[in-house]
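So TrEMBL lists these for the protein:
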type	residues	note
CARBOHYD	Arg145	N-linked glycosylation site
SITE	Arg145	site 'Required for activity'
SITE	Arg152	site 'Required for activity'
Amino acid sequence: MAPTLNGEVDIVIPTIRSLNFLEDWRPFFEPYHLIIIQDGDPTKEIKVPEGFDYELYNRNDINRILGPKANCISFKDGACRCFGFLVSKKKFIYTIDDDCFVAKDPSGKEIDALAKHLENLTKPSTPYYFNTLYDPYREGADFVRGYPFSLRAGVPTAVSHGLWLNIPDYDAPTQLVKPLDRNTSVGSNRYVDAVLTIPKGTLYPMCAMNLAFNRELIGAAMYFGIMGDGQPLGRYDDMWAGWCTKVVCDHLGYGVKTGLPYLWHSKASNPFVNLKKEYNGLFWQEEMIPFFQSVILPKKCTNAEECYLELAKQAKEKLGPVDPYFNNLADAMVTWIEAWEEFNAPAKVKNGTA
């Protein structure tokens, strides 16, 4: 397993409630720093169990810190978590939802999700040629016959996308027709003991409830858009960030992994509420996905910030005609990068020392 790297990791949690769920994670999270983003009513008291090292931001804090740029951070939506990505100074980010608990593998052993994410992120990815034994860097595995030696060094991994036991991450129509679906590790073949690199040129539906990434490589593109309160779209915040980061990773030569680790997703959200949030997105995704599939970023874009500004420009051009919302989203993407560059400005040099 990967080293704890506790000086290089922040755990970002969006919430509207007291964080009693952290007791379940105490053996795994207590060594790390937490960034808690309180959504909704900023006057509500959020209680955090004793013993955790954390900082907590509510909407008043976000408005105070970002000023006019605060309008790029969503309100009353899980997309507010990206404010935590913005203020972090660590190399790695792990973000988790407050209805997710420690899962057990088929043998009954508790899964240290964060440790597995760090293992994924600190080992290479193989986006240019698929290995039929999945992750060749895993103990007991290797590259199969016919795998080019020139590609066996792999590329840096930017994103580790974990999965969930119990409640699947379904959209509202699927929730309505399959309300009793559960994914279990016992008596089921749906616990898949594998990590896969998503091939270059292939998009995927990213879910933020069990997600880790290398902030230094891809953090500027891990923006969850403007969703929720006052917006015509919700529950597509992580989808948008996933499509953006995958396109940027493909362009910059980074890898994206999905599979292990699992966590236990405890609570199904209301499908009727979800349908109201997702309604426009169910139609718009048929425009959004082809857009991302066809995006070509110019060679002059050599980092995540430059790639993301180019994506904002192309999104406005191609998706703006679909609905004015996309013009506003593209503008928010630019504002996000402006804020990102303010928070991540290179250290000033004085007397030859940074």
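Note that the numbers count up from 1, one per residue, in the order the chain is shown.
Glycine is no exception: its Cβ is also placed from the backbone N, Cα and C atoms.
Bear in mind that TrEMBL entries carry predicted annotations, made automatically and left uncurated.
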Quick check for the class: what is the C-alpha distance, in angstrom and rounded, between Arg152 (site 'Required for activity') and Arg145 (N-linked glycosylation site)?
12
Let's check the environment of Arg152 (site 'Required for activity'): how many other CB atoms sit within 10 Å of its CB?
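Excluding its own Cβ, Arg152 (site 'Required for activity') sees 15 Cβ atoms within 10 Å.
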For the residue listed as 'N-linked glycosylation site', what residues in its own chain, 6 or more apart in sequence, show a Cβ-Cβ distance under 8 Å?
none
